[in-house]
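Q: What TrEMBL records for this protein is below:
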- K80: active site, charge relay system (ACT_SITE)
- S155: active site, charge relay system (ACT_SITE)
- S179: active site, acyl-ester intermediate (ACT_SITE)
- 25-466: domain 'Amidase' (DOMAIN)
Amino acid sequence: MTELYHLSITEAGELLRQKKISSVELTQAHLERIRAVEPKVKAFTLVTDELALEQAREADKRFARGENLHPLTGIPLAIKDVIATKGIATTCGSRMLENFKPPFDATVMEKLHDAGIVMVGKTNMDEFAMGSSTEHSAFFPTKNPWDLDRAPGGSSGGSAAAVAAGMAMGSYGSDTGGSIRQPASLCNLVGLKPTYGRVSRFGLVAFASSLDQIGPFARNARDAALLLQAIAGHDERDATSSPQSVQDYTGALTGDLKGMRIGVPEEYWVEGTQPGVVSAVKANIERLRELGAEISPVSLPHTKYGVAAYYIIAPAEASANLSRYDGVKYGFSYRDTSEMWEAMEKTREYGFGPEVKRRIMLGTYALSAGYYDAYYKQAEKVRTLITQDFSRAFEQFDALVSPASPTVAFKLGEISDPYQMYLQDVFTIPANLAGICGVSIPGGFSEGLPVGLQLLGNVFKEDTLLKIASAFEAVTDYHKQWPAEL
Ligand code: GLN
């Protein structure tokens, strides 16, 4: 029997409008699902069940009044714990913010509340969004619903696992170097990183400000379009948000790929990519060709420097952003001393986990006098070269296609070397460096585990990516697969 939690947002929205179900029923079905499977999956840092039911009752009142409602009204969604929620703990997966309740909502949350969503909870993540497995959460690791011994990816692993396990109909995460696309790939979801500046970062706890973007996780392209539409747009409170008008994302889902030019970056077939991933992605590329797309190879010659440049730039920005956690302004504070410097030192020693400390040290080193030119400046030059690679490619192509992650979901504890973990993002990082948009969509299975297909688009071409994604879904059923009963 199809359970309510199996519905897509689009399907549930129709049933709500026809008054065949209520938002309270839909929400209760998700809260029950959370009670049943969350003890195994551990996707949430906080389940906001009372708030969810209150919001659901409010949504039902609006439906009863017959108001002209938003497509997300009454829809149960989960929010990564890096997005500020007024009066509700926003931990960032860190001891440092374990008891932090923001006095304001992120712009994205304001928009979602105006739309009338139901928030079922805040989701687990790698501490301060640093990681690719959710194992760097200070609280507990999240499990992949497709295999509970494996990681869901990260850093937005909780948001991905919640949707893959049917605990939320969609969710939001943040992507600085791949943290939406890689977990989407490992959990069989659509995960979209918008163009830099498309979505407000106001109230998104900063990791690397020139790279961070909030974006959606969904079970299909149409749902992803609805979730993106709800949060996109200019915001006066984020000086880097773009005034460019927002496209009609659902309107772009025409399903026709005739004449669409899609490039396959030669440099993205790197050693270390699992053969099962390579063969699934190659088969997907053939599918796109059959759908009428013109496929040809393209070169992005500076790809191989992407990871190195990212691991200078992101930690450099992080080291500056995280200097605010000094035990005075926010969160955890070491009080067992009357010495100010000792209090700050101990606050940071106990408040931050090992990966965060590693990044702060890397970043501080790269920015220090004498090393700035050798590291940070070089990395910024590489960033420009990577951006130019993409600009040239998008003169010839509407989109690019590649694997989203070099591997399927790996076992929890399997990757202990930080550098090996950093390589998880080899295909996703260049898009953040260049500020372009990207999406991972369900692209089949290897040894029973999901493989993600990455589509990259030029700035503000989210509509093109969603159009390709929906055309691909029309001829595949990967996105309809559910993990075996948990
Ligand atoms: N895995 C990458 C990192 O650890 C990207 C994280 C992210 O996108 N937030 O930095």
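Backbone N, Cα and C define each Cβ position, glycine as well.
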Q: Near S155 (active site, charge relay system), how many other Cβ atoms are within 10 Å of its Cβ?
A: 35
Q: Report the member of K80, S179 (the active-site residues) whose C-beta atom has the most other C-beta atoms within 10 angstroms.
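A: Ranked by Cβ atoms within 10 Å, first place goes to S179.
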Q: Could you give the Cα-Cα distance between S179 (active site, acyl-ester intermediate) and S155 (active site, charge relay system), in whole Å?
A: 5
Q: Cα-Cα separation of K80 (active site, charge relay system) and S155 (active site, charge relay system), in Å?
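A: Each residue's Cα considered, K80 (active site, charge relay system) and S155 (active site, charge relay system) end up 10 Å apart.
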Q: DSSP three-state call for the residue listed as 'active site, acyl-ester intermediate': helix, strand or coil?
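A: Reduced to three states, the DSSP call for the residue listed as 'active site, acyl-ester intermediate' is coil.
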Q: Do any of the active-site residues K80, S155, S179 touch ligand 1, in the sense that the CB is under 6 Å from one of its atoms?
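A: Close enough to ligand 1 are S155, S179.
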Q: For S155 (active site, charge relay system), name the DSSP secondary structure in the helix/strand/coil scheme.
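A: In the DSSP reduction, S155 (active site, charge relay system) maps to coil.
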Q: In this predicted model, what is the average pLDDT of the domain 'Amidase' (25-466)?
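A: Here the mean pLDDT over the domain 'Amidase' (25-466) amounts to 97.
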